2 protein chains.
Amino acid sequence: MNKVRLGVIGIGMMGTVYAKMLLNKEIKGAELTAVTDQKEEKRQWAKDAFGEDIDVFDSPESLMKSRKVDGVIIATPHFEHAELAVKAFKMDLHVLCEKPAGVYTKQVREMNEAAAKTKAVFSIMYNQRTNPVYRKVRELVSAGELGEIKRTIWIIDWYRSQSYHDMGSWRGTWAGEGGGVLLNQDPHQLDLWQWITSLTPVRIRAFCGFGKHYNIEVEDEVTAYTEFNNGATGLFVTSTGIAPETNRLEIYADKGKLVVENNQITFYRNRIPERQFNREWRGGFGTPENWKCDIPVHGNESGHKGIIENWVEAILFGIALIAPGVEGINGLMLSNAMHLSEWTDDWVTLPVDEELYLKNLRERMETSVYKKN
Amino acid sequence: MNKVRLGVIGIGMMGTVYAKMLLNKEIKGAELTAVTDQKEEKRQWAKDAFGEDIDVFDSPESLMKSRKVDGVIIATPHFEHAELAVKAFKMDLHVLCEKPAGVYTKQVREMNEAAAKTKAVFSIMYNQRTNPVYRKVRELVSAGELGEIKRTIWIIDWYRSQSYHDMGSWRGTWAGEGGGVLLNQDPHQLDLWQWITSLTPVRIRAFCGFGKHYNIEVEDEVTAYTEFNNGATGLFVTSTGIAPETNRLEIYADKGKLVVENNQITFYRNRIPERQFNREWRGGFGTPENWKCDIPVHGNESGHKGIIENWVEAILFGIALIAPGVEGINGLMLSNAMHLSEWTDDWVTLPVDEELYLKNLRERMETSVYKKN
C-alpha cells in the first residue's frame, strides 16, 4: 500500500474539516474516497460539495463494506464512536476516532478489546498531544527534571453561554451527549493530565453542578479531588459558567514547581530537591533556594492534521502513534469517575464500576428532554 | 482612663515581642505593668530583662487578680487561650488573644459567651487584616466591583522541614498543639478567606494527610472543598511539605476574576458582567470582553503593632476593632471542619458538631507522643 484510502463517518463540523483536508491533499499518503452521514441533507450536500469521485454512502456499515476504504475517521456524536469502531475493527479497517473515545467506559473497553483482535491501526484525535508546550512538560517530567510529583492542579474553564447550548437540541442533554463539560470540552485535559505526569489515578471524590449556570441537564461545573498511585494529590477544576476562562496547570514536585499558563512554562526550581534538603537541614526554619526559570518551547502545534498524518504514517510505515486509540479510555475513566462520585456522593475507586456507571447514566438518559428521532 | 495598663501572659516568642513593644513605649496609650509565664526560668529571665517596674507573677490568675492590669495579652500555647480569656472576662479585663482563638470550637464558643457578659474589649491577633493587599480586596468585594462570587481558591504553602518540627517536643503533636498546618500556619488565611469574601461556608469535604511529609502526628497537607451560602464553591489547599511555597488567592466572580499573588492584585474585568452577557448574547460561541487590570495598593501593613494599637484605642476611645475577638471562631470552625471531614470520611455541615469534634480530638491527644508535664 502506498496510499491509504479513507472514509469519513459523520460530516458535521469536525468531519467536514477532515474530509476537506483530505480532498485538498493536505495529508501525504492518504486520499478521501468515501463519506457518510445519518442525515439525508448532509449526504446531498456532500455529493454537491465533494464531487463524483467521492462515494457518499447511506450508512457507516455500507461504507465499511464497500471495499473503497482502508480506514475510517469516526466523527459522529459521542455515543456512536465505540460501536462504529468495533464494526470497523471486525473488518480490519484502520480507525481514527474523534474524542471522547465514548461516553461510558464499558463501550470503550469493548472497543479496545476489538482493536486488540486486529492489526488495524487505531488512533484517537488527541490533537493537544501535538502542542509543543505539553510535549515539553511531558519531556521534563519523564527526564526526571521535576522529580517525584506531590500535587497537581489543573484549572480549565470553557465559557459556553446559554446561546451556545441552544444551538442544538441535543446539547446539554444526557441522551444527546452523555455529559457536559467533562465529555465535550475537557477530554484533552483529562488525557494530557495523565499523559504528561505518567501518574495513575487511584480514587476520586468529585463535586459536580448539573445545570448550575445554564438551563441544561448535564454538568457545567466540576471540582474533582484525585489520589494518584504514588501518593500525589490532584485537583481538576472546570466549568463552562465562568468568564474569563482560566487554563492553568500546576505541578508541585520534589525538585520544584512547574506552572503552565498562557502557553508559557515557568519552572520554580529548587536548587536542592526538597526531600534532600529536609534530610540535611538542621536550622529549624528554612527552605531550599529556589530559581525562577523560563522554559523554552520549540516547534509548532501540528494539531488535527498532525494526528491524521501520524496515523497514516503508522499505517504505511509502522511509526509509533502519538495518540494510540486504546489510551482514549484513560481520560474517559476520570470523567466517568467524576460523574459517579457526585451521583453516589462517595469515593470512586478506579477502574470505575462500569455497570454501575451505565445504570446511573441510563436513568438520566431515560428522563432526558432530548429524544433521538 | 488615659493609659491602659497591660499584662502579657506567656512570654515565649510572640509574648516577648509584645512585652518589648510595650516596654519601648511603641504603643501610644498603653504601658506594660506585668508579665507571667508557666516556666520558672522564663519568669527569672523576665525579672532580669524587664526591670523592677514590671511585676512578674507566678500564674495568670495572680496576674489578673493583682489590680495591676486593665487588660491582658494572651500569648500562651493554643490550648490555654480560651480558658484564660474566660477568666479575664470574669474580672472584666480587656483581652487580646493570639491566634488561633483556641483548638476546638466548644472552648471558643464558651470564650465568646463569656466575652458577651462583659464590656471588656476583646480582640484577636489577626495581624494580616492590616495587610493593605487584603484590605483592598475586601474593599473591592464589598463595593460590588466583583459582583456575585462563583468560585474561590486559596493555595497556601508553608514549608516547614523536619528540623523545624524537632525544635520542640510539643510540635507536630495532637496533645501539644491540637493540629498542624491548619492550627499553626493557616489561621490568618482561614480568617481572611471569609473576611474578604463575606461568604459563609455551609459544608465542607476535606482530605488531610497526617504525617505524610514528616515524622509528626498532625496534618501536613490539606485539600478542602467548601460550599458557601450563595452557592459558590471554594478550595483551600495547604501544605508544610511543599517547596517552593505558594500563596495564591483566586476569586472568580460575575464581573471577572481576581488574583492575589506576590502581593499584587490583578483583576481580569469583564466589560459586561457574565450573567448579563449570558442573558443578552445570541451568537453561540462567544465570551465577554475582558480587561486585565493591575489594581493599585496603598498604605503599609501595621501588623502586630497595628492590632495592639487598635485594641488600645478601642479601649480608650471606643473605636471599631479591626479584628473583633468573637470572629476568631470563624477560621477555627473551618479548621475543625476540615479535620472532622477527614476523620469521618464524610461531609461536615457547619457549624461543626463541637462535641463530636472534641471526642475525636481527645482520642488523638490520649495516644499522642507528647505528654504535658
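Just so you know, glycine gets a Cβ as well, placed from its N, Cα and C.
These numbers come from a predicted model, not from an experiment.
Annotated domain 'Gfo/Idh/MocA-like oxidoreductase N-terminal' per TrEMBL: A:5-124, in sequence order. The feature domain 'GFO/IDH/MocA-like oxidoreductase' is assigned by TrEMBL to A:134-258.
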What are the helix, strand and coil residue counts for the domain 'Gfo/Idh/MocA-like oxidoreductase N-terminal' (A:5-124) according to DSSP? 53 helix, 26 strand, 41 coil
In the domain 'GFO/IDH/MocA-like oxidoreductase' (A:134-258), how many residues does DSSP assign to helix, to strand and to coil? 32 helix, 46 strand, 47 coil
Would you report the average pLDDT that the model assigns to the domain 'GFO/IDH/MocA-like oxidoreductase' (A:134-258)? 97
